[in-house]
Amino acid sequence: MDRTIADLRKDYTLEGLSEIEVDPNPFIQFKKWFEQALAAQLPEPNAMTIATSTPDGQPSARMVLLKDFDEQGFVFFTNYNSRKGQELAENPQAALVFWWAELERQVRISGRVEKVSESESDYYFYSRPANSRLGAWVSNQSEIIASREVLEQRMQEFQHKYENQEIPRPAHWGGLRVIPSEIEFWQGRSSRLHDRLLYTLLNDHSWEIHRLSP
């Protein structure tokens, strides 16, 4: 065993997380924590890991950016033909993880996934810088390419194609919404006795809260 890795550890001492203090609505609680992450000026507080899997259970995970959230769910945008897009089309379940190290906090979210409306995808797509919109056309995401020059050549081609005209949203690009059935809030505590509060969605659409052992 490499002790330089095994001995890496940090004791968490900032604050606790109490059932009495949290909001009974997990979306309101998430908003509170997210606003605190923004106020702390964390780098990309909307960065999250999304884990997907094939129907036979082969998992994959990657970082994406949260672009919206409300009581309907948590929204991100992607190429629907990418690996995650294809896996979610076949198995529309996902897990999200936010890690805010400076606040010693983690949020885990799991639930089903659905596409957002065409109008929602359009609204976000047309708010993006022109080169980002072109990038949605240039990249056949997750496909093997021979070299970076392939991307640069395709960028030049699409820059020429859409010169002096509006860049349309590709049909294969848009938003996905994770509709949670569980949301867990984790607060680091001393001696690895962390606080974990799990919100679970009930059949009547209310949420119950349970404390989990760390």
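Glycine too: its Cβ is placed from the backbone N, Cα and C atoms.
Copied over from Swiss-Prot, here are the features:
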- R9, K10, D11, Y12, K67, Y124, R128, S132, R192, L193, H194: substrate binding site (BINDING)
- 62-67, 77-78, 83-84, Q106, 141-142, W186, R196: FMN binding site (BINDING)
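Structural mapping of features recorded in Swiss-Prot.
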{"residue": "R9", "record": "substrate binding site", "DSSP class": "coil"}
{"residue": "R62", "record": "FMN binding site", "DSSP class": "strand"}
{"residue": "K67", "record": "substrate binding site", "DSSP class": "coil"}
{"residue": "F77", "record": "FMN binding site", "DSSP class": "strand"}
{"residue": "R83", "record": "FMN binding site", "DSSP class": "helix"}
{"residue": "Q106", "record": "FMN binding site", "DSSP class": "strand"}
{"residue": "R128", "record": "substrate binding site", "DSSP class": "coil"}
{"residue": "R192", "record": "substrate binding site", "DSSP class": "helix"}
R128 (substrate binding site): which of the binding-site residues F77, R83, S142, R196 is the nearest Cα neighbour?
F77
R9 (substrate binding site) and L66 (FMN binding site), distance between Cα atoms, whole Å:
29
Using a 10 Å radius around each Cβ and all protein chains in view, which of these binding-site residues has the most neighbours: Q106, S142?
Q106
Tell me, which binding-site residues from F77, R83, Q106, S142, R196 are within 10 Å of K67 (substrate binding site) if we use the C-alpha atoms?
F77
Measuring Cα to Cα, how far is F77 (FMN binding site) from R9 (substrate binding site) in Å?
35
Cα distance, D11 (substrate binding site) to R196 (FMN binding site), nearest Å?
16
Find the longest CA to CA distance in the recorded substrate-binding set R9, K10, D11, Y12, K67, Y124, R128, S132, R192, L193, H194; express it in Å as a whole number.
44
Let me check the 10 A CB neighbour count of R83 (FMN binding site). How many other CB atoms are there?
16
